[in-house]
Amino acid sequence: MVGTTTTDVPPTMGVKIFSAGVAACLADVITFPLDTAKVRQQIQGEFPITSGIRYKGVLGTITTLAKTEGPLKLYSGLPAGLQRQISFASLRIGLYDTVQEFFTSGEETPSLGSKISAGLTTGGVAVFIGQPTEVVKVRLQAQSHLHGLKPRYTGTYNAYRIIATTESLTSLWKGTTPNLLRNVIINCTELVTYDLMKGALVRNEILADDVPCHFVSALIAGFCTTLLSSPVDVVKTRFINSPPGQYASVPNCAMTMFTKEGPTAFFKGFVPSFLRLGSWNVIMFVCFEKLKGELMRSRQTVDCAT
């Protein structure tokens, strides 16, 4: 299981939730420029007014952003991103083992079905709770002051207020459907692949349950997740970032992309998306496993002392 550590005592649900939140925030801080590059590539070609600047490749996108809008633009939306990890990743990852045990129904070895069911459940709940932070994060990453475009928002909390007052409170949940589909795919693929890879490596004595095992499992999980979730991710980003009335619905957004830009539009930003998700997975899972272990060892030490 994702929650298994090398300590004798299994981590509590609270330890898992806390560890997942902290590890996810650390991973977000380190990989956020890649996420911003992914968003910019995904919306490229949507508005003719921004056609003066073209983003080419991961490094090209990052350097172009830094030169034209300043290095800090790479971290625009980070506060909302951290809020997202606290409300989203802590639940979808931290609750995974607990929910999986519920679906296992006393079975000694969790089935693939119980793993997928756990991923679907925790991913769905986390998306609904964390969607407002996702909307604000994407819009702050996407907005640009170039070519006469006036930024819609001056900061994180200003974005929450303007979206709620000028559009509607429900607009903070805009794009919930594609984001739900995206994160159900991500959660199931990411956690189940990591779980299966880690179990196979340890069970077959290829690697011990330590950093190298966590690294390999997380990287493979990141690639599989990016491949399956990319089309939905691009549609989600376009729909969330769109002004009111641009797209009639999520299917209309997808169809507009297909007819105007072709099928390759659904894989825009794939490389930065994989680099971001792959590195995010490695950092998050390695820190998650280590933090859980240290917290449980500290707890055992305190219990022994008392």
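Backbone N, Cα and C define each Cβ position, glycine as well.
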I'd like to check whether Pro10 and Glu205, as annotated in Swiss-Prot, sit on the same side of the membrane - that is, whether they share a topological domain name. yes
Among the binding-site residues Lys56, Lys268, which residue has its Cβ surrounded by the fewest other Cβ atoms within 10 Å? Lys56
Whole-number mean pLDDT, the topological domain 'Mitochondrial matrix' (33-73), equals 80
